[in-house]
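For reference, Swiss-Prot has these:
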- Glu166: site 'Required for function' (SITE)
- Asp203: site 'Required for function' (SITE)
- Glu225: site 'Required for function' (SITE)
- Lys227: site 'Required for function' (SITE)
Amino acid sequence: MADVDELEDPMEEMTSYTFARFLRSPETEAFVRNLDRPPQMPAMRFVYLYCLCKQIQEFSGETGFCDFVSSLVQENDSKDGPSLKSIYWGLQEATDEQRTVLCSYVESMTRGQSENLMWDILRNGIISSSKLLSTIKNGPTKVFEPAPISTNHYFGGPVAFGLRCEDTVKDIVCKLICGDASANRQFGFMISPTDGIFGVSLDLCVNVESQGDFILFTDRSCIYEIKCRFKYLFSKSEFDPIYPSYTALYKRPCKRSFIRFINSIARPTVEYVPDGRLPSEGDYLLTQDEAWNLKDVRKRKLGPGHDLVADSLAANRGVESMLYVMTDPSENAGRIGIKDRVPVNIFINPRHNYFYQVLLQYKIVGDYVRHSGGGKPGRDCSPRVNIVTAFFRKRSPLDPATCTLGSDLLLDASVEIPVAVLVTPVVLPDSVIRKTLSTAAGSWKAYADNTFDTAPWVPSGLFADDESTP
């Protein structure tokens, strides 16, 4: 079996043991040359994970993944453990249910996301949700060479703002919107069990269950992808141009006051797109409601080459988002709750990166539901998906020192004050999912073929019109 060379610092060595390095290792290349056909995904992904976990367990004590793989291997042909060949064929013959168990082990081992070393390593050779659109457009040029994850963000910048406010939005969704529904707020890296080339990490999912260290998704599970809008962060001051429009929204929550609030900045987050026209790629929320048509902007017609956009627009145009306007803690003894609810015709932009993020989350969570017993017979195994847009203001001297969400959930003193949350359901047509994944998988395959002498083949099920792969 492929071993990682021993160095003084095993953690440092582990961080360099990527999927690309595994494919280029002499032992892997020798094993592949002795096969009667090219190795296949996702089996090769799981062989790599076995080799990686074998090294990790020496100092982590986590043996679950390797033990489960060993139970799938028919023969132990070496006193030092099973060979790559035995491991590969055991995993090649594994069922989707067994592969989902392996993926659940990986998810449980990688919680903590950017703070987890293994989470960073596993991105190598994976088309993640944030890379799906760029892979379709430009090819997976960075998939096998992902940029290192940075955790050193300027406190006053948009990335740090989003990170520190995300937990507050999770609290609002779980406690105030969903009414304490069973939820999981901490996810590791979720690799697709059916292909081994796609992977996601979720922000929040409600209606999930726990089975030991594993998360069990069900046909009632609902994904929430959270976006905290830094460009709408404002001060409670008459000199802030956003504040007057927020005041109008707070005093009279309605569609008209919300339109004014959204359009209080130069590049608003909601774009008006009439039927039959092509949206821009500028931001991720659209509307066809004429009340939002405040500027005469010419837009191209939908035409040849826009079939997927047209199908996605048709599926989402009737979506109704729900705006939750929050109470002001300075008027409620520090308590933040839901002041009012306003339904609005706002839906996701299928040309924006966030659409592709939730598409891949929907696909992979659906895989887990189907292959882990989380779906009931006769029911659709697909999860529901929402994108959450959260708006905040800076703290004011008038705000109490202690603020709570609801009556008892403390709001961290370092976090800004939430003023509104917009929940937008997302509809993902099957035809769009199939074509998107087929294009991305074909791009991954072509890049791997040109990069590695031992490139594994991608499952043919990912190719809608191509049976050239086994």
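Note: Cβ is positioned from N, Cα and C throughout, glycine not excepted.
In sequence order, Leu202, Asp203, Tyr354, Gln357, Val358, Gln361, Val385, Asn386, Ile387, Val388 are the residues near Glu225 (site 'Required for function'), counting only same-chain partners six or more apart with C-beta under 8 A. Taking the Cβ of Glu166 (site 'Required for function') as reference, residues of its chain lying under 8 Å away and at least six apart in sequence are, in sequence order, Asp203, Ile226, Cys228. In sequence order, Gly162, Tyr284, Tyr354, Ile387, Val388, Thr389, Ala390 are the residues near Lys227 (site 'Required for function'), counting only same-chain partners six or more apart with C-beta under 8 A. In the three-state DSSP scheme, Glu225 (site 'Required for function') is classed as strand.
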